[in-house]
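A short write-up of the structure that comes next.
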Amino acid sequence: MLFNSISFLYYFLPVLIIIYFITPKKYKNIILLIASLLFYLYGEPKYVFLMIAEIIIAYIGAILIDKYKNQSKNILITTLTIHIFLLIIFKYTDFIIQSINDISNANIKLLNIALPIGISFYTFQIISYLIDVYNGKVKVQKNIINLATYVSLFPQLIAGPIVRYQTVEKELDDRVHSFKNFAYGIRRFSIGLAKKVLIANALGELCTKAFALNETTVIFYWIFGISYMLQLYFDFSAYSDMAIGLGRIFGFNFPENFNYPYISKSITEFWRRWHISLSTWFKDYVYIPLGGNRDGKYKQIRNILIVWLLTGIWHGANWTFLIWGLLFGILLIIEKIFLNKFMEKLPSFIRRIYVLFIVMILFVIFNSDNMSVALINIKGLFGMNGEVFINDYTLHYLKSYLPILIIALFGATPFIKTLIVKLRKNKYLNNIINILEPILIVIILFVVTSYLIDNSYNPFLYFRF
């Protein structure tokens with residue numbers, strides 16, 4: 001079930017909100033758990049039992065880790081191995097088989113295992129919970145309903161943000177519900193809904209139509225590169241906005257996942273602003289345990305490369321993701337060793353152009369089915385495929401979609417947010433904004449509904465990860 005669907009907006013969510021808020025406090029987690037399992041069952045009927053099995057394994061494993069201190073490390077390793085093994089089986093088996101076939105000219109039959117939606121996200125949440133119990137950072141959760149609610153909570157189940165157990169530990173037992181939080185949740189959800197349906201989907205349409213052209217041009221490749229970069233941001237950040245908003249409606253405070261990454265002045269800063277919950281997860285559960293920057297420069301370089309190879313392969317079972325992650329890792333190492341010192345002397349706009357250009361190139365790889373396609377698209381940016389610079393078709397699509405590109409470019413910066421903050425400092429304008437805000441939300445809902453009725457299925461891009 002998609003957040004941007006009629007069934008979710010007008011059936012699932014309203015019914016759940018009514019049932020949830022009339023239910024006594026001690027049963028609210030049961031309601032959320034049932035709703036989350038139904039939500040997952042709607043889209044993944046055959047894999048809901050896999051998720052339930054992983055929850056039970058994590059529940060038993062954590063209790064054993066807490067109870068048998070002298071054997072806790074072995075129990076942790078065993079439990080983590082089970083969860084990682086299941087992730088590998090369902091996400092990477094065919095990739096491994098295909099790679100063996102390509103290298104050795106073997107003809108091993110692919111298993112064609114369908115990827116369970118959200119498995120990368122809920123597996124990482126389980127792993128962080130088990131490690132935190134082992135390290136004594138959180139108390140073991142002995143109520144299986146509460147643990148199952150944490151793992152399967154539908155707002156962030158499918159595409160994050162990756163929520164640490166310690167973030168919601170207290171809220172699972174005792175969370176505050178208020179009109180202020182509810183209103184914030186509705187507002188944040190509506191912003192995400194508008195970003196997805198009105199901007200991300202339009203940019204996706206541009207990308208699709210651009211590739212349908214019979215004659216490509218140099219400008220076409222640039223339009224596609226910029227459009228996809230913006231589409232991915234608005235699509236993924238929209239889901240995070242909606243997840244955070246839904247979490248707040250039900251009393252949970254999920255972490256922010258994006259902080260205007262396209263205004264970054266370095267690749268290092270970009271990854272502090274993009275998919276924050278993933279980058280901090282790898283820092284805390286892989287980079288630091290490997291030694292971080294404590295054991296000299298060479299081991300630090302090794303640790304960075306390991307983290308970014310894992311980051312790449314986490315996104316998908318394809319060599320393009322592995323190379324994408326490796327290239328980001330190499331760039332971060334180069335910046336750390338010498339480039340940041342040089343870049344600091346340059347004007348801010350030069351540094352931002354550098355980041356946007358690099359990120360666009362790497363997202364071309366990220367979006368390609370294989371490296372051959374990626375290289376064709378990258379060469380196309382520089383006119384190395386023999387195409388003309390521009391033609392009438394490209395010019396037509398550029399003119400048609402220029403308004404949405406301009407809106408997206410402004411929306412990817414803190415310009416609008418900063419403007420609203422400044423306006424709210426004036427008491428009179430603040431009151432006007434408070435009056436207009438609910439009206440705007442209703443308008444957004446009507447406009448979005450009309451788009452959803454007319455348009456076809458448009459899942460979030462990160463569903464495939």
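Here the Cβ of each residue, glycine as well, is placed from N, Cα and C on the backbone.
TrEMBL annotations:
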{"type": "TRANSMEM", "residues": "6-22", "note": "transmembrane segment"}
{"type": "TRANSMEM", "residues": "49-68", "note": "transmembrane segment"}
{"type": "TRANSMEM", "residues": "75-93", "note": "transmembrane segment"}
{"type": "TRANSMEM", "residues": "113-131", "note": "transmembrane segment"}
{"type": "TRANSMEM", "residues": "143-163", "note": "transmembrane segment"}
{"type": "TRANSMEM", "residues": "219-239", "note": "transmembrane segment"}
{"type": "TRANSMEM", "residues": "323-342", "note": "transmembrane segment"}
{"type": "TRANSMEM", "residues": "354-378", "note": "transmembrane segment"}
{"type": "TRANSMEM", "residues": "398-420", "note": "transmembrane segment"}
{"type": "TRANSMEM", "residues": "432-453", "note": "transmembrane segment"}
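With a cut-off of 8 Å between Cβ atoms, the residues of this chain six or more beyond the transmembrane segment (113-131) that come close are 40, 43-44, 47, 50-51, 54-55, 58, 61-62, 65, 76, 79-80, 83-84, 86-87, 89-91, 93-94, 138, 141, 147, 150-152, 156-160, 162-165, 278, 281, 284-285, 314, 463-465. Remark: the transmembrane segment (219-239) contacts the transmembrane segment (354-378), by the rule of 3 or more CB pairs under 8 A. Each of 6-22, 49-68, 143-163, 323-342, 398-420 was scored by its Cβ pairs under 8 Å to the transmembrane segment (432-453), and the highest score goes to 6-22.
When each of 49-68, 75-93, 143-163, 354-378, 398-420 is checked for Cβ pairs under 8 Å to the transmembrane segment (323-342), 354-378 comes out on top.
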